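Q: For reference, Swiss-Prot lists these features for the protein:
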- R15: site 'Transition state stabilizer' (SITE)
- K29: site 'Transition state stabilizer' (SITE)
- R164: site 'Positions MEP for the nucleophilic attack' (SITE)
- K220: site 'Positions MEP for the nucleophilic attack' (SITE)
Amino acid sequence: MKVAVILPAAGLGTRMGKGTAEKAGTSRKQFMLLEGSPILMHTVRKFAASPRVGEIVIAVRAEDTEWVREVVTQEFPGGRVRVVAGGNSRQESVENALSSLSPDCELVAVHDAVRPFIDLDIMHAVFDEAAETGAAIVGVPAVDTVKQVTRGTTHVRVRATLPREKLVMAQTPQVFRHDLLLRAFQEARKDGFIGTDESSMVERLDVEVSVVPGSDRNIKITKPTDMELAHLFLREEAARSTLS
């Protein structure tokens, strides 16, 4: 069963910090260079390495489509990787990419463009789970104690301590049947619902979403310290590749 992959990459990267942005020449994390290549391209390569991925669609800001398309086609000239204009939010960007997919596509995986260390085995495990159940995400156990709070005008107060054994920290890929994800977006638009991930939108349809164990290495590069860790991970990957 072939999988279509959507990489939303239209974000502005406001959390990376001014110093890191000035050093990198851009505040947008997906375009920052990691060992000579944009983070986005490292992520694309991971999915392109899977024979189960039929197409990869990257959603970027409208003004970036031409130059990103040029960068992509230099490495992937066959049309398997495409670039489309995203929207003003992650949700709009994913929806724009979703509307461009072939109607006979069966499974759709949505993955953060700035998670370039997804493991191929985990990727295939979540593909398999979604093929069986219709909806699956990658997640890791919560290691910190999580508090539910109420925010007042002057104080933030603890309302409850959530049972850690019942919590997972959601990662990506998040993989769904094509028709199910389309319906989730249609319902969200109709209701004015804005989700922080695709799973939250599918959950609104009373659909059970399975969780496949993820990895602590599958980091989302968000802060300057994440870039330091990413350089380390990439050098480790290069060393393993040389040894093999």
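If you go along the chain as it appears here, the first residue is 1 and each next one adds 1.
Cβ atoms are placed via backbone N, Cα and C, with glycine included.
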Q: According to DSSP, does K220 (site 'Positions MEP for the nucleophilic attack') sit in a helix, a strand, or coil?
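A: In the DSSP reduction, K220 (site 'Positions MEP for the nucleophilic attack') maps to coil.
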Q: Counting across all protein chains present, how many other Cβ atoms fall within 10 Å of the Cβ of R164 (site 'Positions MEP for the nucleophilic attack')?
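A: Around R164 (site 'Positions MEP for the nucleophilic attack'), other Cβ atoms within 10 Å: 13.
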Q: For the C-alpha pair, I'd like the distance in angstrom between K220 (site 'Positions MEP for the nucleophilic attack') and K29 (site 'Transition state stabilizer'), rounded off.
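A: With the alpha carbons as reference points, the distance is 10 Å.
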Q: If you count CB neighbours within 10 Å, which one among the recorded sites K29, K220 has the smallest count?
A: K220
Q: How many whole Å apart are the CA atoms of R164 (site 'Positions MEP for the nucleophilic attack') and K29 (site 'Transition state stabilizer')?
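A: For R164 (site 'Positions MEP for the nucleophilic attack') versus K29 (site 'Transition state stabilizer'), the Cα atoms are 31 Å apart.
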